[in-house]
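Pasting the relevant annotations from TrEMBL:
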type     : residues : note
ACT_SITE : Glu244   : active site, proton donor/acceptor
BINDING  : Asp161   : Mn(2+) binding site
SIGNAL   : 1-27     : signal peptide
Amino acid sequence: MSQLKSMFLLMLAMTTIVLYLVWSSQGKELKRFAYQENVVLCHEQSEDTRELKPREEPMIYFITPTYPRREQVAELTRLGQTLMHVPNLHWIVADDNRLCNAMVMELLKKFGIPFTHISSPMPEMYRKASTVPRGVANRRAALHWIQANVKHGVLYFGDDDNTFDLRLFNEIRSTRKVSMFPVGLIGDYGVSSPVIKDGKVIGFYDSWPAKRTFPVDMAGFAVNIDFFLKHPEASMPYKAGYEEDHFLKSLNISLDDIEPKADGCTQVLVWHTQTTKRPAPTVKIHKQSGTSLKELLHELDYLGMAFSNPVKGVKSMLSKDGKTINL
């Protein structure tokens, strides 16, 4: 009887070891494929042919992921004609394309903006994921380019389907570490924003907190490049929905490090516009006194982007450190 028990335990131990080896090898294989990123530098243009007055101010490195589709030219044209008015800006356009797209390169030349054009296709394994982490390979490639070529300035992620108030660029130039601000047309609240009290971030107003430490939109923050370069391991994961949160956590920041912009996060200067139409939401929320939310909600109502109501509408929450509080 004891011999049978010993044999059973031996087989159980061997099975456990085999399963562990299989699991660990799959993990290594997964990690190996995660970094099979085929990045090609397509073109760089350092000359600024716009007739803008030179200014002594930090350079903004504006990172735009893009991908081939019917609307690509239209959206890059709309964005490019906005950026034409922004001095001291270098545009990094990273295309989810295996080859350098000559059409995109020729289009970028027309704006006269200094630019870097990169081909950075998403690794094939992530295209088959249930939720595809779009734009990650492109942003990672742009971050690597900055690490290799830039010493000073401010980096900002601006998608080609976003809309920007020109005042935003003046706001983010003074970023010392990480600045944050509201982004309009996001989720069930119509906005994603830090909440400010006495000049400090006390939490976040975002309809998808998902236990994120920093539940913000990609267009809702800017990073000082000197500060970014002090964190060589800073990167963005291939994890859909958590790209911003993990990137910001990799910078090892706290709420006290965040610099509120856009008049204490009471104004919307960037919008996550899309070609689809959605009705303005009504959010169930009581009057917020003593924080930036009071003025921000009034601004959203005035702009027709979202309406607040104390008795009906989408349930609202404040999130902090991955936990939520009903408002």
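We number each residue from 1, going along the chain as drawn.
Just so you know, glycine gets a Cβ as well, placed from its N, Cα and C.
Relative to the rest of the structure, where do these features sit?
All protein chains included, Glu244 (active site, proton donor/acceptor) registers 20 other Cβ atoms within 10 Å of its own Cβ.
Asp161 (Mn(2+) binding site) is surrounded by 19 other CB atoms, counting those within 10 A of its CB over all protein chains shown.
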Determine, to the nearest whole angstrom, how far the Cα atom of Asp161 (Mn(2+) binding site) is from the Cα atom of Glu244 (active site, proton donor/acceptor).
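Cα to Cα, Asp161 (Mn(2+) binding site) and Glu244 (active site, proton donor/acceptor) are separated by 18 Å.
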